[in-house]
Amino acid sequence: MKVLGIESSCDDCCAAIVENGNTILSNIKLSQKEHKKYYGIVPEIASRLHTEFIMYVCQQAIISAKINISEIDLIAVTSQPGLIGSLIVGVNFAKGLSIALKKPLICIDHILGHLYAPLLNHTIEYPFLSLVLSGGHTILAKQNNFDDIEILGRTLDDACGEAFDKIAKHYKMGFPGGPNIEKLAIDGNQYAFNFPITIFDKKENRYDFSYSGLKTACIHQLEKFKNNNAQITNNNIAASFQRAAFENLIIPIKRAIKDTNIKKLIISGGVASNLYLREKIKNLEIETYYPPIDLCTDNAAMIAGIGYLMYLKYGASSIETNANSRIENYKYTKGVKL
């Protein structure tokens, strides 16, 4: 079964053809450079550019896969969560294509896509722990199957990737923040500043994360956390912030490993491409799986892949399904199964 995946939840306009859930025939992405001068995503600009790009990326996905449009068996599209204007463009385009081609439509949750991304290039037996690190989400979960996912912990405020972007914006390190901070950190002293990390000891929050305190310390309290003789440079700020941001993740992950006795972890989302993070995770001495670097960030291959499995089990989505910008369960509710 050949699935056309469409992803437009934020600023990347993506389309892919994936066969039988894991064979990537094409994977096309257009990133919007127009946001760089604002040091962040401008939703109105993002949605407008999606309307210009979406037909092109779908055409290129079909051409690159060397198939005819009539060979598409299923259309999978991200319908939630994300920027509502961007989502509407993708969902409405997918609906129109579904009607025109008389092919079924399956609407996919963006987070389920990220959780599936490592399975595009790895065969991993369930259960395993999953960590999604992106600009919009920081989620620790237990996966019993592709559609049986229990949220253990989540950020109580900023997402990990969001904190990177905000620090980079404040110190004019460039956008997107994650890759630029990683590059600057290479030539910095990671111990120049002892920025705080937040660990929750209450039972109901033992797997949760928080980045607001670290962000505040890094932006407003540099002198307070500066070590003696350390210089205040962007390289040192980046290195020290990056170290604290990832140390923030380690204790909740260790607790989840101990409590579940699961020693397999997948990490996905844009932040998963960070090589410093990967070195830190190695110290956990467990099986760890990542998507390829180009599948860590938003992409349509992960949407097509999970779309194939969801369609086989649950059938097509209603053509009346609408885009949904927020899913409160991700932010506020733990123990919920997706």
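Glycine is no exception: its Cβ is also placed from the backbone N, Cα and C atoms.
Residues VAL132, LEU133, SER134, GLY135, GLY136, ASP165, GLY178 are recorded by Swiss-Prot as substrate binders, and the candidate that the same record lists for that site, out of ASN27, ASN274, ASN283, is ASN274.
Long-range Cβ neighbours of GLY136 (substrate binding site) (same chain, at least 6 residues apart, Cβ-Cβ under 8 Å): CYS10, PRO81, GLY82, ALA159, GLY161, GLU162. ASP298 (Fe cation binding site) is 10 Å away from GLY135 (substrate binding site) when you measure Cα to Cα. Neighbour list (ASN274 (substrate binding site), Cβ cut-off 8 Å, at least 6 residues apart, same chain): GLY178, GLU182, GLN242, PHE246. Note: the CA-CA distance between ASP165 (substrate binding site) and ASP298 (Fe cation binding site) rounds to 16 Å. Taking the mean position of the Cβ atoms of HIS110, HIS114, ASP298 as the Fe cation site, the remaining residues of that chain whose Cβ falls within 8 Å of it are GLU7, SER9, THR78, ILE111, GLY113, ALA117, SER134, GLY269, ASN299, MET302, ILE303. ASP298 (Fe cation binding site) sits 12 Å from LEU133 (substrate binding site), taking the C-alpha atoms as the reference points.
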